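Asker: Following this message is one structure expressed as C-alpha cells.
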Amino acid sequence: MTTATTTRHAAGVTDAVKVYGSGDTAVRALDGVSVGFPAGRFTAIMGPSGSGKSTLMHCAAGLDTLTSGAAYIGDTELGTLDDRRLTLLRRDRIGFVFQAFNLVPTLTVAENISLPMDLAGSKGSRDWIDALVDVVGLRDRLHHRPSELSGGQQQRVAVARAFAGRPDVVFADEPTGNLDSRSGGEVLNLLGRAVRQMDRTVVMVTHDPVAAAHADEVVFLADGRLVDRMQSPTADKVLDRMKAFDGKGAPS
Amino acid sequence: MNASVRISVSSLRAHKRRFAGTFLAVLLGVAFLAGTLVMGDTLRAGFDTMFGNATKGTDAVVRSADTITTPGESQGVRRPVSTDLVKTIERTPGVAAAAPDIQGAGQLVGSGGKPIGGQGPPTLAGNWIEDPQLNAYRLAEGRAPSKSGEVVVNKGAAKKGDLQIGDTTILRTPDPVKVTIVGLATFGGEDGMAQVTFTGMTQADAEKYLTAKPGEAASIRVRAGPGVGQQQLVSDLTAVLPKGVEAVTGQESAQENTDMISSQFLTIFTTFLLVFSGIALLVATFSIHNTFAIVVAQRTRENALLRALGASRRQVTVSTLVEASAVAVTASAAGLAGGIGIAAGLQALFPAIGFPFPEGDLVISGLSMLLPLAVGVVVCLGSALLPAVRAGRTAPLAALRETAVDQSGASRGRAIVGGGLAALAVGTTLTGVLANPSLWLAGLGAVLALVAFVVLGPVASSTAVRILGGPLDRLRGVTGGLARRNALRSPKRTAATASALMIGVAVVSLFTVFGASLKATMDQTVSRSFAGDVAVSTPSFGAGGSGLSPKLAPAIARQPSVENAVGLGRGVAEVDGEGRALTVTDPVTLGKVFDLGDVQGSLDDLGTNGIAITRKEADKQHLRVGDTARLAFTDGKKESFTVRAVYGQSELAGDYVITRAAWAPHRIQDSDTLVAVSFKHGVSTADGKAAVRKVAEQYGNPEVQTRDAYAQSSAGGIDMMLTLVYALLALAVLIALLGIANTLTLAIHERTRELGLLRAVGQTRAQLRAMVRWESVLVAAFGTAGGLALGAFLGWVLVKASDGASDSAFAFAVPPAQLVVVALVGLAAGALAGLRPARRAARLDVLRAIATE
C-alpha cells in the first residue's frame, strides 16, 4: 500500500501473517497485511466470510498473536509483550465491544462500565464517565443488572465501558450483529459521535455495508490480504465494492 | 447397544474430568469402609489363631463360678480358687497334669527407669507354669525362673523397655519387687498378646506378691491324658469339684479370651472406624449429588434436544442413571481394592511401629467385599437419583432457551419446611436435654438439627455469603466483589457444596467442644473435691498399670512436712445384690483431704462393719444412716455393714467407702489408685512436693503432681482421643474439598465466555485466579460457619444429655482457641480446594473463551 500519511496511527499491523494449523491443513488467515488505523478516525474492516477480518482485529487488539509480522498499539509492539503485559495493555489502552456477551452478569451497569478501571485499581475520571453515561443515555439504568436490559441497551453499556478508560483505540467486533436496525443504528451513532465529538479512535469489524457507512474509511480484506481502501463510504458504494468480490475477485 | 446406554457412555467419555471428583469421593469412602472391615476381620482371626496356639495344651480350666461385675466394667472380678484343688484334680482319672495360674497386675520398669506400658492394655504378672504345654507363654530364650526374684518376661515388653537377659529391674506389684530377667517368652508365636506385658515369676513369688494370701490362684489349668477329650475331662472334673467352682474346656476358655479382646478392643476399634467411614460417605453423598445436579443442569439443552428428537423421559433418566452406575461401580471397585491395600499396608506397618499385628493372611470375607461395594453403589446412585429424574423432566422447549444454568434461589416452601424442622429440632432437643432428660430424644433432636441445617442451607446461603464476603469488597476490590457475587449466583449450589464441608466441620467442632467440656468437667471435679496439695498417681488408663503400693500413703504421712496423706484403693462387692466399686481407704483422713460435701453421720468410726455412702446412691438404694446393707465379696463371704455416714460429693472419693480393715479379709491384690497429700501449714508446695517425691522414689517412682497438674493430666487421654478423631475426620474434610473443587470446575466451565470477556477487558491471570480462589474460600467459609454453629450446638446437646443421663455433673465449655483453629483450617481448606480450578480457569485461551457457544 502506498497510503503513506503523516497522520499518527493509534494501532496497526505490518506484514501480518497468521497461520492456523500446520502441514496440509494449514490455513493462512492473514497473508502479509500491512495497515494502520489513524488516531481520531473511525475505520471499518470489511470483507466476505473467511477473509481474515476478525483475525486481523484480534491480532491488532492483542487478543491473538501473529505468526509473523508485527502489531502495534501506538508505538508498542505487541509481539514483545508477555501475557501479563498484554493484559495490562488491553486493560489500559484498548476498549472492546463484542457482538454479544459483553457484560458480566453479576455486575450492575455502573460496575460493568467501570470494570477495566476497577481491575486496574484506578478511579478513572468521574466527569468523563458521567458524560459517557449521558451520551449512551443509560442514567436511569445504572443500578440494573444486564439481564434486565434489552439487547440494544446492553450494547450501549458495552460502548460506554469501551470508552470509559479513554483508551488509545476501541475495537468493535460486529457490534450490531445481534441487534435490530434501530438499536444497531443507535450503537453506530454512538461510536461515530465518540470519534467525531470526543476525538476517540474506533476500529470496527463488520459485514454490514450500512454499518460500514458510519465509518470515515473502510478497508477491504479478501483471502487474508488487504485489497482496497475507501474514504467517506456510503452504504451503496460499499455494497457495490463488496459485490465485486463475488464476481472475479480482488483488483490489486 | 441400548440408546440410553450409548448416550451415557459417550457422555462419560466426553466429560471424564467432571466425574473425577465424584469418582474420588466414592473411592475414598469405600476404601475406608473396606479397609476397616478387612482389618477388623484380619485382627479377629489373628487373635483367634494366637489364643488357639497359646492355649492348645490346656484342655480344661478350673475356676470359681461367680463373678462380680461393676457398672462400666466389661470384665467381672472372679474370686480365686484354692491351690489345694490341684492335688484333687491331679488324682482325677484322665488328668495328665494340672497347674495353678496365678495372675495379677505387675508393671515392669524399663532400663531407662520408665514404666513399660500402662496406657491401655493390661500389664500382667503371674506364675511361670513349669509344664510347657499348660503355659500359654513359650520360653524363647534363656531359662525358666528357678528361685525367688527371677522372672521371664515376654519379648515385646523386653524390647519396649530395652531389657535383656541378666538385667535387674523393678516390678511394681504395686510394691516394688527387685527382679532379674532370666528368660524371654513368646505368646502364640508372637512377641506378646498384643500390647499386653507379662512377667512370669516363681509360684512362691507369685503367691507372695500377687495374691492377698498364699494358696490362691485365679484358675487351675488342666491337661488331659491320652485319649481323653476336653468334654470328657470337664465332666470328670465337675464331679470332683466343690460347690462354686466350675470347669470349662480349654477351647471355651480360649474363646472367652478372644471374645474379651474383641469386645474390649476390636469391636470398639472397628465400630469407631465404621462411624467415621459413615461420616465420610455422608459427606461424599452431598458432593456427588451436587456434581450430578450441576451436570444435569448444564446438559439441559442436550437433554431437551434428545427429548425433542423423541427420547422418552425414561430414556433420559435412565441414561443419567447408567452414567452414575458406571462411575459408582468403577469407583467402588477401585475403593475396595484400595481398602484391601490399606489393610495390607497397616498389617505391614503396625509391627514396624511396635504394635504386634497377629500374623496370618488378610481375611477378606464375603461381607467385607459386598458391603463396601453395595454401599458405594447405593450412595452414588442414590445421590444421582433426583438429578436423573429432573433430567427426564426436561421440556423439549428448553433446547431453544439461552441459559442452562440453575440460578434458582431458595423457595418459600423450603424456608417454611426448614424453619419448621429447625423449630422441631430445638424443641425435641430442649425437651430431651432439659425437661425430660433422655439420650434418645436428644439424639433425635441432634439428627433433626442436622437435617434442618441442610434444608435451610440455600435459604441462608445468600445472606451468609453476603455477610461473610462483606469485607472482601473492601479488601480485594473488584476481584473480591466478583468472587462474592459468583458465590451468590446459585444459592442452592453454594449451599449444597458447603453442606459437605459443614458436616465435616460440625463433627470436628462437636468433638472439640465435647472434649473441652470433659476436660473442664475433670478440672472442676478435682478442684471441687480435692482439698490436698499434691497427688501421687501412676499415669495410666485402661486396664494398664499396677497402681500404687498401699504402703506409700503411710510412708508419706510420716514425713514431717506432711499434714495428711491418704491412699485410695479399689475393691468390689455386691451391695444388696448389685455389683459396686468400693473405695478402700482411711475414712478419717479421707474427709480431711477431700471435700465430701455435706456429711450426715460420721466417717470417724466405720470400723470393720461400717460403710459410708454418697447421698445419690443412698437415695437410690433407700438407705439412711443407721440402716444395714448386705455386702457380698468375691470370696463368697456375705457380711452386713451398717451405714455410718451419708456424704454429698462423690467424684474422686467414689460412692461407697469402707476401711482397709473391713476389706482386708476379702482383698485380692492390694493397690491404691491415688494418694492425696496435704502439707502442714507454712510448707511451700515445692518443698513438700520434693519430700513426697523422695518417698515415692522408693516405691517404683510414681508421678507426684500439684493439684493443677493432676487435674490437667487426668484429661490427658482426651487429647489423645481428639487427635485420633481429627485424623479420621481429615478424610471427610478431604472429600468435602473435592466437592468444592469439583463444583468450581463445573462452574468455570459454565462461565467460560464470561471469563474470556473479563480477560479481554483486562483482568490479569493473577486476578482471575484470585477471583476463583476467593469464591472457593467464601463457600468454605459458609460451610465452616454453619459447621461451627451446628457442632457447638450438638456439643452442647451431647454434654447436657450426658449430664442428665449420668450421675456426675458435666461442665460445658467452648474452647475459643481450638474453634478458631477449626475455622482457619476450614478457610485454608477452601483456598486449597480453589487452587486447581483457579489454575485451570487462568489457562483459558481468551479468544476461545469468547467464541465458546
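Cβ from N, Cα, C; glycine included.
Caution: TrEMBL annotation is automatic and unverified by curators.
Features from TrEMBL:
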type	residues	note
DOMAIN	B:20-239	domain 'MacB-like periplasmic core'
TRANSMEM	B:265-297	transmembrane segment
DOMAIN	B:275-395	domain 'ABC3 transporter permease C-terminal'
TRANSMEM	B:318-350	transmembrane segment
TRANSMEM	B:362-386	transmembrane segment
TRANSMEM	B:415-434	transmembrane segment
TRANSMEM	B:440-460	transmembrane segment
TRANSMEM	B:494-518	transmembrane segment
DOMAIN	B:494-694	domain 'MacB-like periplasmic core'
TRANSMEM	B:724-748	transmembrane segment
DOMAIN	B:727-845	domain 'ABC3 transporter permease C-terminal'
TRANSMEM	B:777-798	transmembrane segment
TRANSMEM	B:810-835	transmembrane segment
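Mind running through what each feature is packed against?
Answerer: Per-residue pLDDT, averaged across the domain 'MacB-like periplasmic core' (B:20-239), gives 84.
Through the fold, the transmembrane segment (B:265-297) approaches residues 15, 18-19, 21-22, 25-26, 28-30, 32-33, 36-37, 39-40, 43-44, 47, 194, 303, 320, 324, 375, 379-380, 382-384, 386-388, 390-391, 404-406, 493, 496-497, 499-501, 503-504, 507, 725, 728-729, 731-732, 735-736, 738-739, 742-743, 746-747 of its own chain, all at least 6 residues removed from its boundaries and within a Cβ separation under 8 Å.
Long-range contacts of the transmembrane segment (B:318-350) within its own chain (CB-CB distance under 8 A, at least 6 residues past either end) are made by residues 3-5, 7-9, 11-12, 19, 22-39, 42, 292, 296, 356-357, 362, 364, 369, 372-373, 375-377, 379-381, 383-385, 387-388, 391-392.
When Cβ-Cβ distances below 8 Å are used as the criterion, the transmembrane segment (B:362-386) is approached by residues 22, 26, 29-31, 33-34, 37-38, 41-42, 44-45, 281, 284-286, 288-289, 292-293, 320-321, 323-325, 327-329, 331-333, 335-336, 339-340, 343-344, 347 of the same chain, each at least six residues removed from its ends.
Same-chain neighbours of the transmembrane segment (B:415-434): 440-446, 448-449, 451-453, 455-456, 459, 797, 800-801, 804, counting only residues six or more beyond its ends whose CB sits under 8 Å from a CB of the stretch.
Here the transmembrane segment (B:440-460) has long-range neighbours at 409-410, 414-415, 417-419, 421-422, 424-433, 491-492, 494-496, 498-499, 502-503, 506, 786, 790, 793-794, 797-798, 800-801, 804, meaning same-chain residues at least 6 beyond its ends whose C-beta is under 8 angstroms from one of its own.
Among residues of the same chain six or more beyond the transmembrane segment (B:724-748), those with a C-beta under 8 A of the stretch's C-beta atoms are 17-18, 20-22, 24-25, 28-29, 32, 272-273, 276, 279-280, 282-284, 286-287, 290-291, 294-295, 298, 486, 489, 493, 496-497, 500-501, 503-505, 507-508, 511, 755, 772, 775-776, 779-780, 783, 825, 829-830, 832-834, 836-838, 840-841.
Under DSSP, the residues of the domain 'ABC3 transporter permease C-terminal' (B:727-845) split into helix, strand and coil as follows: 101 helix, 0 strand, 18 coil.
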Asker: Can you name the far-off residues of the same chain, 6+ from the ends of the transmembrane segment (B:494-518), with a Cβ under 8 Å from a Cβ of it?
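Answerer: Residues 279, 282-284, 286-287, 289-290, 293, 410, 450, 453-454, 457-458, 460-461, 465, 487-488, 715, 718-719, 721-722, 725-726, 729, 732-733, 735-737, 739-740, 743, 779-780, 782-784, 786-788, 790-792, 794-796, 798-799, 810-815, 818-819, 822, 826, 829-830.
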Asker: What parts of the chain pack near the transmembrane segment (B:777-798), using Cβ distances under 8 Å and only residues at least 6 beyond its ends?
Answerer: 429, 432-433, 442, 445-446, 449-450, 453, 457, 460-461, 464-465, 468-469, 472, 483-484, 487, 494-495, 497-514, 517, 736, 740, 743, 812, 814, 819, 822-823, 826-827, 829-831, 833-834
